[in-house]
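What follows is a short report on a single structure.
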Amino acid sequence: MGTREIQSPENGVETPTVLDGNSDSIHRKKLGIYFIESDDRRTAFGRGYTGGTTPVNIHGKPIADLSKTGGWIAAFFIFGNEMAERMAYFGLSVNMVAFIFYVMHRPFSSSSNAVNNFLGISQASSVLGGFLADAYLGRYWTIAIFTTIYLAGLTGITLCATMSIFVPNQDNCDQLSLLLGNCEPAKQWQMVYLYAVLYVTAFGAAGIRPCVSSFGADQFDESRPDYKSLLDRFFNFFYLSVTIGAILAFTAVVYIQIKHGWGAAFGSLAVAMGISNMVFFIGTPLYRHRLPGGSPLTRVAQVLVAAFRKRNNSFSSSELIGLYEVPGKQSAIRGSGKIAHTDDFRCLDKAALQLKEDGPNPSPWRLCTVTQVEEVKILMKLIPIPACTIMLNVILTEFLTLSVQQAYTLNTHMGHLKLPVTCMPVFPGLSIFLILSLYYSTFVPISRRITGHPHGASQLQRIGIGLLVSILSVAWAGTFERYRRNYAIKHEYDANFLIPMPNLSAYWLLIQYCLIGIAEVFCIVGLLEFLYEEAPDAMKSIGSAYAALAGGLGCFVASILNSIIKSVTGNPGKGQPSWLSQNINTGRFDYLYWLLTVLSLINFLAFLYSAHRYKYRASHNFEIGKQDVNNK
């Protein structure tokens, strides 16, 4: 097809254009009657056509014997890469807050915002990774390149924590000096270096995250009758690997930091990433690949331009030949099966209106195939669902950073064992691990009796359950924070926010941690599976990037919200601390949590509306008119 994204065949095709008048009923008639059908072989789940999605090997050649590739064995090599990536991601997100405060001598607010920005960039820029994978590189090579970038960033962070030149002078800097702000702060160039290597790491994560789950799901055969069940189990196991990585970050990495210092802690993350890269490459002969379909942004732009150029053309025009689709079993988009026409966003259908004036070989910027138009429709229909998960990611971000400050004021002893504060976020991971382990034996049978769904709940129902539980989590967080603050003031701990109160246990935080863990299991796992299933064949990575983008926007929204609250609620001239004062005992974290509760309730109502309107691709009733097709 040369350099063109979509190319018309040399000989056009036409359908009869004589209709029974130009009445309003004709204008309202389903556009499917114009769809020039060329192939009738659909997949078992109504997800388009079988042509164009054949797995290939790393050289782009069809795989002769699929039994020797893919499946669970190949998926487990991919799980290892994701486990190490998330171990590094969570290891940095928790430890970097403390590192910037205790070593770089910057206030908690600055360290929290820096980590929030790291989290946001690593997720929001996942769209770039998804674009490169779908357009040019394929998922395998995108993962291979960006894991190397990730490893380089982790190495740079390790050097920062190891070499004294990269950190300020630590002499005479005790806890009291930290409280009073008397420790020597990091120089400007030292912070620039730290942020640079931190954002290189974030950029590396951006290329991995949208591709790993999709690449793992690619290892399973769509033609198998149990494909849906396999896919459901895959995404649960995938998130289990994410959870194991998080648990290791909150336990093993924290232990290494306490016993051997910051350099050893960050170095362990680099070593884990290096080992996972080797494991990923070892599995190369087993992987199944999907051919990149060309630039998805170009295809989207072509549809928008073509629809605009033909905005004044009528569906009942005498010049109309039909809605254009290439003949044969495969679509004109490499790596994609054909997609049947739908009635959503009818204005975009004008991009596929084939008129007599278009000629035998029109520009792809004037005439697009039905499959190409439907790709754009699908991407637009998907947007509201991941957008409704942004609030969940705001809560996750706030818990990950602000709850650390809460834990510093509480007693973290478990019997004679004192857990480090940075270990506290391990409990959401443990709850996720437990829930995923019991999911098929407990939740699915019970919920199946209620919903009648073979997998216990549909993907959208799982997302909704997660959002509902997240509301309970943040509501409890506000309730407990109010009690904790009043306790601190009553017992005269309000002046010192780094001394733990011996009679108030940090394990009250476990309730909000475990609830948010349950919310993650249902919402994030359901979202990943939903986006992979619903996204067009040649845009699977872009679909997965939607979830990461929602996570990134959640981090940025959390940072913006924090900045607004600090500026609006605080008044240094009058000695009035903001809700997010560095001294948590004089601040009002409870107000923030209750604000998030209200916003989450509004968001949940928006999700219910969006989910009610959404129609799964698998449930489409394809109504394609049968007409005689004649060559011009």
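Keep in mind that glycine also has a Cβ here, set from the backbone N, Cα and C atoms.
Heads up, TrEMBL stuff is auto-annotated, nobody curated it.
Over in TrEMBL, the protein carries these features:
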COMPBIAS  1-10  compositional bias 'Polar residues'
REGION    1-21  region 'Disordered'
TRANSMEM  87-105  transmembrane segment
TRANSMEM  117-137  transmembrane segment
TRANSMEM  144-167  transmembrane segment
TRANSMEM  192-212  transmembrane segment
TRANSMEM  233-256  transmembrane segment
TRANSMEM  262-282  transmembrane segment
TRANSMEM  382-404  transmembrane segment
TRANSMEM  424-442  transmembrane segment
TRANSMEM  463-480  transmembrane segment
TRANSMEM  506-532  transmembrane segment
TRANSMEM  544-565  transmembrane segment
TRANSMEM  591-611  transmembrane segment
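With a threshold of 8 Å between CB atoms, the same-chain residues lying at least 6 positions outside the transmembrane segment (117-137) that come near it are 89, 92-93, 96, 145-146, 198-199, 201-203, 205-211, 214, 292-298, 397, 400, 538-545, 548-556, 559. At the 8 Å Cβ threshold, with sequence separation of at least 6, the transmembrane segment (262-282) comes into contact with the transmembrane segment (87-105) through 3 or more pairs. Of the candidate ranges 192-212, 424-442, 506-532, 544-565, 506-532 has the most C-beta pairs within less than 8 angstroms of the transmembrane segment (463-480). Residues 78, 81-82, 85, 88-89, 92, 96, 100, 104, 114, 118-119, 121-130, 132-133, 139, 142-143, 145-154, 156-157, 159-160, 166, 186, 238, 541-542, 544-545, 548 of the same chain sit 6 or more residues outside the transmembrane segment (192-212) yet have a Cβ under 8 Å from a Cβ within it. Count of Cβ pairs under 8 Å against the transmembrane segment (382-404): among 233-256, 424-442, 506-532, the largest is for 506-532. If you look at the transmembrane segment (87-105), the same-chain residues 6 or more away from its ends with a CB under 8 A from one of its CBs are 111-112, 114-115, 118-119, 122, 150, 154, 157, 161, 167-168, 170, 173, 178, 183-186, 190-191, 194, 198, 201, 205, 245-246, 248-250, 253-254, 257, 262, 265-266, 269-270, 272-273, 400-401, 404, 421-422, 425. A contact between the transmembrane segment (233-256) and the transmembrane segment (506-532) is present, since 3 or more of their C-beta pairs, 6 or more residues apart, lie under 8 Å. Same-chain neighbours of the transmembrane segment (591-611): 384-385, 388, 390-392, 394-395, 398, 402, 460, 463-464, 467-468, 470-471, 474-475, 477-478, 481, 565, 569, 579-580, counting only residues six or more beyond its ends whose CB sits under 8 Å from a CB of the stretch.
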